[in-house]
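What follows is a short report on a single structure.
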Amino acid sequence: MEAVPSSDSYPAVENEHLQETPESNNSVYTSFMKSHRCYDLIPTSSKLVVFDTSLQVKKAFFALVTNGVRAAPLWDSKKQSFVGMLTITDFINILHRYYKSALVQIYELEEHKIETWREVYLQDSFKPLVCISPNASLFDAVSSLIRNKIHRLPVIDPESGNTLYILTHKRILKFLKLFITEFPKPEFMSKSLEELQIGTYANIAMVRTTTPVYVALGIFVQHRVSALPVVDEKGRVVDIYSKFDVINLAAEKTYNNLDVSVTKALQHRSHYFEGVLKCYLHETLETIINRLVEAEVHRLVVVDENDVVKGIVSLSDILQALVLTGGEKP
């Protein structure tokens, strides 16, 4: 879905960060990010879907599915500017807010326009669009993603007002990984997760195999997490239910019955699902990063030797450690 092209697809990258400096190796990734612009990461060709705010919500979500994208910038033709993003989180919020039962159609999803939903959703807390210039550094992009607790950052040309690209944690880490072998390896890359304390290890939001989808949606809304480990009666992870899985309800037009279990809702991908991507506290940060990038996933579930969930390590956690804190716990 969010594959990043090979290094050949990117504009030529200047390796000025390789010059000898007195800085410690622990800051090489920070220096790299500060010396490269968002423009450097934009592939020569990529798909971008834009929605007008007058579009029906339902049509917009179907369009996300059809185009294989997870989010789209919103264009307000009255204001002649981009005003926000429509994401799978919006789909989850609408379903959770308006679902009554399998027998009652969700009128708001079927009939509302995007602008109507935004008026309802943002009435208590107007949030201006968080975006970035193509000339801003990747360090600024990572800082903005983490500071604003967002997963998508539109790159908007300040002169034309056009959206050029959508930056994500995954794309930034993949870009860094393309050049990572050229750096002297920082000391913290050889340290374990346990030593570095990267990730979340308290109050992990989880669901059981029998948990209804509607309850899972409520946990997404309340905890603002992007995935929920699915555990058995002994707390062992057997699956994972992510926000991206929820959009399948639109693909299959099954969003009118949210009383089914998450296990049943996940059956659609059983033929290609390779299992939950896991890691252990004793594994090094380097191993974790390689696994995340190669598997193209957004997080790993930290487990013990019995597969009991101990924590979650997300791309956001990794980028914060690599770029903002130099391997130190923030």
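Residue numbering: from 1, along the chain as shown.
Cβ atoms here come from the backbone N, Cα and C positions, even for glycine.
Quick caveat, the model's predicted, so the values are computed rather than measured.
Within R236, R269, the residue that Swiss-Prot lists together with R70, R152, K170, S242, K243, F244, D245, L277, H298, R299 for binding ATP 2 is R269.
Matching V130, V142 to the ADP 1 binding residues that Swiss-Prot gives (M85, L86, T87, I88, T89, D90, H151, R152) identifies V130. The subset of binding-site residues (T89, K170, D245) lying with their Cα within 10 Å of the Cα of R269 (ADP 2 binding site) consists of D245, given in sequence order. Same-chain residues lying 6+ beyond the ends of the motif 'AMPK pseudosubstrate' (138-159) with a Cβ under 8 Å from its Cβ atoms: 30, 32-34, 36-42, 70-71, 73, 82, 85, 87, 129-132, 165-169, 172, 175, 224, 226, 316, 319-320, 323-324. Its Cβ placed at the centre, H298 (ADP 2 binding site) has 20 other Cβ atoms within 10 Å. When the domain 'CBS 4' (272-329) is classified with DSSP, helix, strand and coil residues number 21 helix, 15 strand, 22 coil.
Secondary structure at L86 (ATP 1 binding site), taken from DSSP and collapsed to helix, strand or coil, is strand.
When each of the binding-site residues M85, L86, I88, A205, A227 is scored by how many other Cβ atoms sit within 10 Å of its Cβ, A205 comes out lowest. For the domain 'CBS 4' (272-329), the model gives a mean pLDDT of 90.
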